[in-house]
């Protein structure tokens with residue numbers, strides 16, 4: 001049949017000739033064949049020829065590429081290479097371009113005020129060092145001093161080292177020990193924060209400077225001691241004899257006799273020294289030799305404290321000590337020292353002592369009077385009970401310690417309740433500063449200690465997933481404790497009616513007339529005599545040397561502050577006070593991104609709790625009949 005031809009001519013073609021000569025003609029040019037067998041094609045118009053030629057081209061054989069192990073068509077090969085090129089454009093090229101561009105890192109989180117203040121507060125300890133100082137001490141106006149200290153003792157090399165307590169040049173070993181315990185405690189709880197702000201090694205060095213000195217104050221090679229050196233230097237009230245108070249000299253210029261005070265009774269001093277050495281032994285557990293030395297010394301001095309013949313306050317009847325650091329008891333040091341020794345050694349005799357009901361009773365903690373909730377260098381009860389509450393919250397040891405630990409936990413919660421303004425246990429200034437010492441001077445040290453305890457207890461609760469606690473029938477979230485702590489520390493840092501920071505060197509307005517001998521006398525390489533320094537004491541000019549990081553005594557109960565060098569109640573810093581503010585600041589800072597406490601390090605020496613596995617049965621033997 002013939003279909004209709006729209007272009008003219010016939011569409012009928014014969015295939016018989018092509019079939020007979022298929023093999024022969026396969027190699028021929030198809031256009032030539034068309035002309036040979038269909039001469040009439042010469043008359044085809046261009047459109048028909050293009051149609052015929054197109055069909056012939058479509059019947060061409062496909063071309064292949066032989067790779068030996070695989071044969072692939074040109075089309076597939078082109079598709080593969082095209083895909084690889086497109087993948088390069090879409091994936092590799094952007095990466096190459098991105099890598100070649102200059103990198104712009106996002107700026108680090110700026111440090112908060114607590115971090116900035118903490119860097120400075122630690123430097124105060126560098127400024128207070130006695131002895132031969134390292135070149136890296138970092139306080140340009142300080143040099144070697146007190147190199148003759150302890151020459152009136154039997155200690156080989158004397159009692160060189162340690163820290164001066166405050167603005168005078170006396171070394172009081174009771175508050176010095178307390179300050180070292182506080183620094184160690186803060187490091188054990190917040191190691192990651194210290195490391196994150198690059199102060200971990202610095203703080204450890206400060207602790208070791210103190211503990212190295214404490215190891216000189218009694219015979220650490222003996223298993224039993226009967227004497228402790230309690231103080232170097234000091235004065236008698238009203239004395240006109242050259243001493244640490246009568247004279248106004250830089251420590252480097254001291255040329256008057258500095259007597260060493262020995263004590264043969266004093267459970268409180270010995271208990272605090274044991275706490276300092278034991279807590280530091282955990283800090284330095286990565287140095288086993290030194291850590292074991294500290295533990296042995298702590299056990300020796302605690303045995304002195306527990307000796308029935310040594311049980312009286314170290315300051316009683318001591319005119320060089322009693323007016324300045326008078327201790328009101330020693331049962332709090334029993335609880336405090338025993339708790340730290342248990343954490344350092346895992347020896348259950350210490351936790352048994354710390355949870356002995358007689359310790360709680362004799363410390364008068366059961367009275368629950370406000371004065372016993374104020375944590376200080378003299379009263380460790382609130383801290384000791386919080387430290388033991390930690391044991392209950394994280395390890396839950398149960399019998400036989402549960403009853404007393406539960407009691408300590410309850411008292412701790414009541415202590416925290418007393419800090420809240422809701423209950424009005426303590427007065428506050430109009431500016432919001434809590435008054436732990438009934439409006440008496442030098443209040444900031446107590447405020448800093450309480451802020452630390454409150455912040456730490458909140459972190460304990462957070463660590464065990466407890467969102468708050470009850471004060472009677474009233475529930476408070478743990479944020480109430482953080483709010484209290486931040487409000488008090490913020491007051492110290494400048495949020496107060498005076499708009500003044502009470503940490504020297506922090507902020508734009510801070511005390512310039514600090515009651516401090518070394519800071520008030522120029523470092524002019526001249527020797528200033530005992531009374532020659534009085535002109536620097538009495539001048540109205542600011543101190544020539546800035547004692548960076550020193551937390552001064554603080555304002556009065558009316559929020560007023562007198563920046564006067566002669567008024568030590570306002571302007572004198574202390575070791576104990578600065579240790580408290582360091583601990584409070586590290587607990588509150590969030591700059592490093594770390595939050596919460598280190599749950600386990602402090603317990604690393606405690607063996608697994610619970611009943612021990614029973615001994616294996618004896619080997620079987622036949623019964624004799």
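Just so you know, glycine gets a Cβ as well, placed from its N, Cα and C.
Features of the protein shown, as given by TrEMBL:
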{"type": "REGION", "residues": "1-26", "note": "region 'Disordered'"}
{"type": "TRANSMEM", "residues": "79-97", "note": "transmembrane segment"}
{"type": "DOMAIN", "residues": "114-585", "note": "domain 'Glycoside hydrolase family 9'"}
{"type": "ACT_SITE", "residues": "515", "note": "active site"}
{"type": "ACT_SITE", "residues": "563", "note": "active site"}
{"type": "ACT_SITE", "residues": "572", "note": "active site"}
{"type": "REGION", "residues": "605-625", "note": "region 'Disordered'"}
{"type": "COMPBIAS", "residues": "608-625", "note": "compositional bias 'Pro residues'"}
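A distance of 5 Å separates the Cα atom of residue 572 (active site) from that of residue 515 (active site). Comparing residue 563 (active site) with residue 515 (active site), their Cα atoms are 9 Å apart once rounded. Other Cβ atoms within 10 Å of the Cβ of residue 515 (active site), summed over all protein chains shown, number 25. With every protein chain in view, the residue among the active-site residues 563, 572 whose Cβ has the most Cβ partners within 10 Å turns out to be 572. Mean predicted confidence for the domain 'Glycoside hydrolase family 9' (114-585): the pLDDT average there is 96.
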